[in-house]
Amino acid sequence: MEFLNIDKLQGQREEKLGNSEEELTLDGTVDKHGRPAVRATTGRWFAGVLLLVNQGLATLAFFGVGVNLVLFLTRVMGQDNAEAANNVSKWTGTVYIFSLLGAFLSDSYWGRYKTCAIFQAIFVAGLVSLSLTSYIFLIKPNGCGDEKMPCRSHSTVHIVLFYMSIYLIALGNGGYQPTIATFGADQFDEDHPQESHSKVSFFSYFYLALNLGSLFSNTILVYVEDKGMWTLGFWASACSAILALVLFLIGTPRYRHRKPTGNPISRFCQVLVAAIRKWKIEQPSNGYELYEGDGRDLADNGSRNILHTKEFKFLNKAAIITSKERFDNPWRLCPVTQVEEVKCILRLFPIWLCTILYSVVFTQMASLFVEQGDAMKTTVSRFHIPPASMSSFDILSVAAFIFIYRRVLDPFVASLKKSSQRGLTELQRMGVGLIIAIMAMVAAGIVEHFRLKYASIDCSHCTNSSSLSILWQVPQYVLIGASEVFMYVGQLEFFNGQAPDGLKSFGSALCMTSISLGNYVSSLLVSIVMRISTTDNMPGWIPGNLNKGHLDRFYFLLAALTAADFLVYLLCAKWYKYIEFEERSIRKQVEEKQGDLRF
């Protein structure tokens, strides 16, 4: 049966090749009609650039709402600071939870193109709904919502419409984000020398596009919305999302696709159930005695067999063939590749856990860094610098270090290693990101130490209460940006590359859930620190009046925790075994037949 499928596929390839001698991709990707993708007319940087622009515009749209949502809740919806902050945290966490839903649907049933299109349409609907709801119902009287004029109270219907709108935005953006990264990587054939290099570069440019989109939101749209022009800001976001969707659809004829592989949860459970059923059976002496499967699904999808590994030996029992075995019952017998998929997820888990504490450091940029900057001198030659806009230095740092790494550092390390392929591995880069994050927290702590020296302790309102300039925060923002290039870009490449062929979007979703849990762990850590550090005579490390606290100690604590996390990460990285694939069944059995046609 396997050979029939391959012959059928080869027939399609030969029919398409004809006399034109067009080269087909080797990784099993197909065009929009389901035929093997032609290298010259599909994918590559034409499709990649469209998806990068799409990502930049979608990020601009998302942060156009998210970056000032807490102010909208307080000024327009009439919530107090604590309630607004809590609602924003819930909304942000929901975005990342929906990323798991998008990854599941993409890998299992819909495929990446359909998932991206549907969730982007939901995203646009949410933004248009928010713009209309704000204009018609919420921004009343006209001109309210700035620092001076509060808005009137709203009916239950208006509040429900508002929350429906922002959670549609959360659903659309959350489901779209992990899928678009993987779909962009699909446009490059990793079995082709030049395209495989472009695939690695794509993740760096993807993260750059994300940051450039947020740069516009954090500067222009922040200013527009801060002045009370909420409807204008929301409509700008909606138009950006619509343009992103249009560009995405324009590229439809040029995209390469991968077929969904079915429900990964059932495949995972099948291995566990089959292994438990055979827990009394002795392990075979070597992996060659395990069931390899017939490979029919692999031939159809362009997926690859995963080589047998020795870790998690108990799971190997799921692939042991006994005298009572039925080959058509996956709950009793699983092929080695299916067993190795489960092992792969288990190996990724410790690495993923180690990235959560880094996300705790990263989230300080949107919270405590801003509060710290607000308590510093925010004027330079009569020019006011909004504390939230300091994140622009982070974005510029990301842009600079992406090019420094790709053009300078990576080639330099590759020359030292005498390797023509790559410099630092993904795991090494993530480790470097942790080290730079430690440096960022130390820098923030030192700045806070000197800020307190020049601060007025008994201020009633601590804005501009220290004579230390806010520009002293630049190093900590630059260091955070540099660490992102090593950690988050390395994470995207690592989880996408190490996830099995049918779980690539899930690998990208792991990055987003790391950020989500980082937000929750940060809130928990702040609560614990305040509970321990607050006494009858001391207001705690992070009080409402920062000049009476010790924010510097909290930063140094984060540096120490990240250092401990780095040591654990070293052990996990040393233990980790990279996934090894066999040659793709399509490439291995068809490439020889194509050889005569190409030459």
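Heads up, the Cβ atoms here are built off N, Cα and C, so glycines get one too.
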>> For the feature transmembrane segment as recorded in TrEMBL, pick the matching range from 270-289, 390-409.
In response: 390-409
> Do the transmembrane segment (157-176) and the transmembrane segment (117-137) come together with 3 or more C-beta pairs under 8 Å, pairs six or more apart in sequence?
Replying inline: yes
> How about the transmembrane segment (390-409) and the transmembrane segment (202-224): at least 3 CB pairs under 8 Å, pairs 6 or more apart in sequence, or not?
Replying inline: yes
> the transmembrane segment (430-450) and the transmembrane segment (554-576): do they have three or more Cβ pairs under 8 Å, with pairs 6 or more apart in sequence?
Replying inline: yes
